[in-house]
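Read through the structure below, which is laid out as structure tokens, and then see the notes.
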Amino acid sequence: MMLIFTFPPLLVAVLSCVYLHLAAKLKPTAKKSDDEEKETRVLATWRKPMLVKGPLGIVTGIELAFLVMFVVLLFWSLFTYFSSSFKSIDATDPAFLDGIRWQLKLDLGGLWLGLVGNICLTLLFFPVARGSAVLQFFGLTSEGSIKYHIWLGHAVMTFFTAHGICYIVYWALMGQMSQTLKWSRSEISNVAGEISLLAGLGLWATTFPRIRRKMFELFFYTHYLYIVFVVFFVFHVGFTYACYMLPGFYLFLVDRYLRFLQSRRHVRLLSARILPAAGQTLELSFSKSPGLKYSPTSVLFLNVPGISKLQWHPFTVTSNSSLETDELSVVIKGEGKWTKKLYEMVSSSAAADHHFDVSVEGPYGPASTDFLRHETLVMISGGSGIAPFISIIRDLIFTSSHLQLKTPRLILISSFKTTADLAMLHLLLPITAASSAATANLRLTIEAYITREKQAAATSPFHNNNVRTKWFKPSPTHAPISPILGPTASWLWLAAVVSSSFLAFLVIIGILTGYYIYPEGKKHGEAGFPMALTAFLYMLVLCACVAAASSGAFLWNKRKSGRDQTIQIRNVEGATPTAGGSPAGGGAVYEMTEELESLPLRTIEEATNLHYGVRPNLRKLLVEYCTEGGSTGVMVSGPAGLRHEAAAICSSGLADDSLQFESISFSW
């Protein structure tokens, strides 16, 4: 049973790791053939939004097709289970049933609802395994897959809740309420199922949008109930039957433990660019190992123990791993309690009085990007939604200046509330002379809309440069951000962790079962070995194997990279500026004004058209840009209304297939 349900998905995961490793080594450089171009156009058609508004949000053609097939599978399963069992009951002699025919149907109906819920549970954990090769093999990201986890979570809890209600009603009608307290030695444990369901309901109640947005911390902390939910689900049905959901949870467990190992060490915070207080925006720059590579629009999860030891928040990486080989930057806008507290800690003078401890997980992003397939790339943002596009612009700077490749024309359409928020544009380009010179070949146009101001100020908003830069000198124990499993063969290491841990698990439980569980079970006759204890031992072995394999791979790669990190820390420490701009020692924080800041600023000002008191007319703008010929990529990041408006325009057939839509968001 374990091999039937777990081996095929885990084999796909291992082969996906191998494929991604080879794909990274053998990146195609030749121009696509006509057949490949045709396939790309067909795929782009399927990726167009089909549903825009509604409970599911923006749904592409591919997503809709798979969603319909999955719903058909669920209904077909329900119909098959119900019809076969009900026919059997109806064919039974009425005298034998003694007037409890429909109660039996309720009993079996509850069972079948639970079985169909298991189909949803099988896929529930795949989307939240952030570093999983399976997601990237199918061209998905952890950020874009969150909505699948939400859809599946609602389906799981709907079926399991109906399953529980059916049995409670059945026991009440049959006068068997004592069954609610039954914990069988060798059969289904009702108590464990009830505990699992209650944990799931507590988790589910906080996931609805109104509660999640108003009480995010409650939503965040109750999500840890998934541990109770899964453990008691296994106690409820037994480990063998729980193998339905084991592959997804197994990959999630490997990913979660690797993230735990990465987050144990604080990372080196180099500097912070602090924008004017009105916008409460800052860019944090961390030291990273040169071997850490990531794609544009990647996401980094941050934890600041000084604010909360448990909370992790995702932020878009704005730096480019090839252009800025030793630094990794993220942009953070103060829009909630956690981010506002972080802005206060970084911007206040009191920050100099203590070391700034930060832990990270990631970065996570797409395996590859292909912005060069477009003639024009239109990027639409609202507020802090501009962050993903900073990474794209910097990636295209590197492509243009270092790889000498033609880049698409870039159109950035951004909405801001006030002129002070325009300071976000300061972050578009890195503050280095080399990168500023490289922007000469970048065809960039910025359409900036200031919605709450009617007219321009007397002086240009770009001349009021209130951006401050603080340089931090952290504790010697802080380390650069580095790949969890090494810079050169991380996918192969992940394949080794998954395969070796699962093989070790099979061997150990085989020995455990043959030499302990079966002999002990025989001593108790028909009662056998306790099913719950078997499940506990199997789960313990599973966790131990994952921990051992993951720790071994992590420590091996950490030892190999330790020397390079030590050299890098010394080099960066020697280059940390003082208030005068020269390398020096003491002090925890330095403030400085970079002359280089004005270089990208001049480029930004020349490329920007300011519009006051209006919102962007996206339909008019997209029609204008798509009529210039060629493929036009449309990327949107920001509020749901903005994303839905752009998706509706791209799906309306306004410009045939030339508009290719992509949304960047953690929510739908």
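First residue shown is number 1, and so on along the chain.
Every residue, even glycine, has its Cβ placed from backbone N, Cα and C.
Annotation comment: TrEMBL describes 262-370 as domain 'FAD-binding FR-type'.
Annotated transmembrane segment per TrEMBL: 56-79 (among others), in sequence order.
Beyond its flanks by at least six residues, the transmembrane segment (110-128) meets 73-74, 77-78, 81-82, 85, 134-135, 140, 142, 145-146, 148-149, 152-153, 155-156, 158-160, 162-167, 170, 233, 244-245, 247-249, 251-252 of its own chain at Cβ-Cβ distances under 8 Å. The transmembrane segment annotation in TrEMBL covers 110-128 (among others).
The annotation transmembrane segment is assigned in TrEMBL to 148-170 (among others).
Per TrEMBL, the feature transmembrane segment maps to 191-211 (among others).
The transmembrane segment annotation in TrEMBL covers 223-254 (among others).
Sequence-distant contacts of the transmembrane segment (491-517), counting only residues of its own chain at least 6 positions beyond either end whose CB sits under 8 Å from a CB of the stretch, comprise 2-3, 6, 10, 13-14, 17-18, 20-21, 24, 131, 133, 250-251, 254, 258, 485, 529, 534, 537-538, 541-542, 545-546, 548-550, 553, 557. Under the heading transmembrane segment, TrEMBL lists 491-517 (among others).
Proximity of distant same-chain residues to the transmembrane segment (529-556), defined by a Cβ-Cβ separation under 8 Å and at least 6 residues beyond the stretch ends, is recorded for 183-187, 189, 192, 231, 234-235, 238-239, 242, 250, 253-254, 257-258, 261, 484-485, 493, 496-497, 500-502, 504-505, 508-509, 512, 517-518, 520-521. According to TrEMBL, the feature transmembrane segment maps to 529-556 (among others).
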- request: Find the average pLDDT over the domain 'FAD-binding FR-type' (262-370) in the predicted model and report it.
  value: 85
Query: Under DSSP, the domain 'FAD-binding FR-type' (262-370) has how many residues in helix, strand and coil?
result: 18 helix, 38 strand, 53 coil
